[in-house]
Amino acid sequence: MLALVLWSSGAPSVLYPIYAQKWGLSSAIVTLVFASYQLALIVVLPLFGNLSDQFGRRLVMIWGVGLIAASAIAFAIAPNVSFLFLGRVLQGAGSGLAMGAATASLVENNTTGNARFASSLATVSTAAGLTVALVLSGVFARFAPMPLFWSYILLLALTVCAVIALVLTPDDRPTLTHKWRPRAMRLLPELRLSFSLATLSVSLAYCAGAIFLSLGAHMIGQFAGTSDTALVGALLGCSSATIGLTGLFLARVRPHVALLVGTLLTLVGLALMAAAAAFGSLGMFFAWCLVGGAAYSFAFTGGLGVINQAAPVRHRGSTLSLLYLIAYILQAAIAIGMGALATASTLGTAVGAAAAALAGLSIVVLVLSYIDARARRRP
């Protein structure tokens, strides 16, 4: 289920340059289409994040997959850019419902006795779904007729299979229910430092990921001079594959160490991104994808680990929801801002500005990490 959710979110990424060329879309419009997904999640997470507690994980996952199926249809038949916005909103809403319920179900049905198994499986599943989506979208666009059609038909077929599988699973609706209402998200005062550190670390990973998925294909096409969508999909897929492979080895790494390593790797990745844009080297783009993927995995896993350690169990759910909400807001902001700057000036200027902004955020994370380390050493 988690793989399907990330498959849907990554399916359009390789195709954005084709849409832009076909309909004359600017970078600002492309990044707005991309950010529609995050904007939908920003609405769904705080309002409907607790639906599966009331109606059961299975039913909410079915609702989420249904919305993802509708998004695939919108993309497959899209006659203009408005259908792309519709498809991304449906993807975001469906992912918000399905991902929360699927993650909770994964934790609750973990029979291995290893508490880290669920988080490791979630990381690998999401990375695998995104990797396959990027690679196959590129291959379909390069070699198949109707390049803007077949990747979404495959996604639609997968959603049908997922719904059938969910219908065949036992009903898990709770026997004792109460009237559903949105759950307020609150932050305990004693969690402010840990929460700030964890949220900015996860946001750093998300913002770097937004550059990959919203404008990565444009950057490779413009700076490296290739329009081969199969190659572009493979390059972007290397990044998400690295996320999954790195995640396999992070269960033994302490969260604060992972967070620190992720921040430092992010700085290296930003330097590679700027160099790749300046020199137009496919080798540098490949290095950026690999280092950026590892940085994402370390920063994301470390940030979640820090807040999971600090937050009491009964406040953990609302604290994580608030963390994700802020991270998605910042991710949408970096994508929209970068697209607007690329349209107003050049893509190279936008890349430089994004690298500078994320480098500044990385320094803030390093400072907070130092302050948090000193606070934890106090008796």
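Our numbering is plain: 1 for the first residue shown, then up by one each step along the chain.
For all residues, glycine too, the Cβ spot is worked out from N, Cα and C.
Bear in mind that the values here come from a model prediction, so they are computed numbers and not experimental data.
In TrEMBL this protein carries:
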- 1-377: domain 'Major facilitator superfamily (MFS) profile' (DOMAIN)
- 25-48: transmembrane segment (TRANSMEM)
- 60-79: transmembrane segment (TRANSMEM)
- 85-107: transmembrane segment (TRANSMEM)
- 119-143: transmembrane segment (TRANSMEM)
- 149-170: transmembrane segment (TRANSMEM)
- 191-217: transmembrane segment (TRANSMEM)
- 229-250: transmembrane segment (TRANSMEM)
- 257-279: transmembrane segment (TRANSMEM)
- 285-307: transmembrane segment (TRANSMEM)
- 319-344: transmembrane segment (TRANSMEM)
- 350-371: transmembrane segment (TRANSMEM)
Test of understanding: applying the rule of at least three C-beta pairs under 8 Å (pairs 6 or more apart in sequence), is the transmembrane segment (191-217) touching the transmembrane segment (350-371)?
yes
Same-chain residue ranges lying at least 6 outside the transmembrane segment (191-217) that approach it to Cβ under 8 Å:
9-10, 13-17, 27, 30-31, 34-35, 38, 229, 232, 235-236, 239, 259, 262-263, 266, 269-270, 273, 289, 292, 295-297, 299-300, 302-304, 306-307, 309-311, 315, 319, 322-324, 326-328, 330-332, 334-335, 338-339, 342, 347, 350, 354, 358, 361-362, 364-365, 368-369, 371-372, 375
Report, as numbers and ranges, which residues of the same chain sit near the transmembrane segment (319-344): CB under 8 Å and 6 or more residues beyond its ends.
26-32, 34-35, 38-39, 41-42, 45-46, 49, 183, 185-188, 191, 195, 198-199, 202-203, 206-207, 209-211, 214-215, 303-304, 307-308, 311, 350-351, 353-354, 357-358
Establish whether the number of Cβ pairs under 8 Å between the transmembrane segment (229-250) and the transmembrane segment (119-143) reaches at least three, counting only pairs separated by 6 or more residues.
yes
Go through the chain and flag residues at least 6 beyond the ends of the transmembrane segment (60-79) whose CB is under 8 A from any CB in it; none is fine as an answer.
1, 4-5, 8, 11-12, 51-52, 86-91, 93-102, 105, 148-149, 152-153, 155-156, 159-160, 162-163, 166-167
I'm checking region-level scores; what's the whole-number mean pLDDT for the domain 'Major facilitator superfamily (MFS) profile' (1-377)?
86
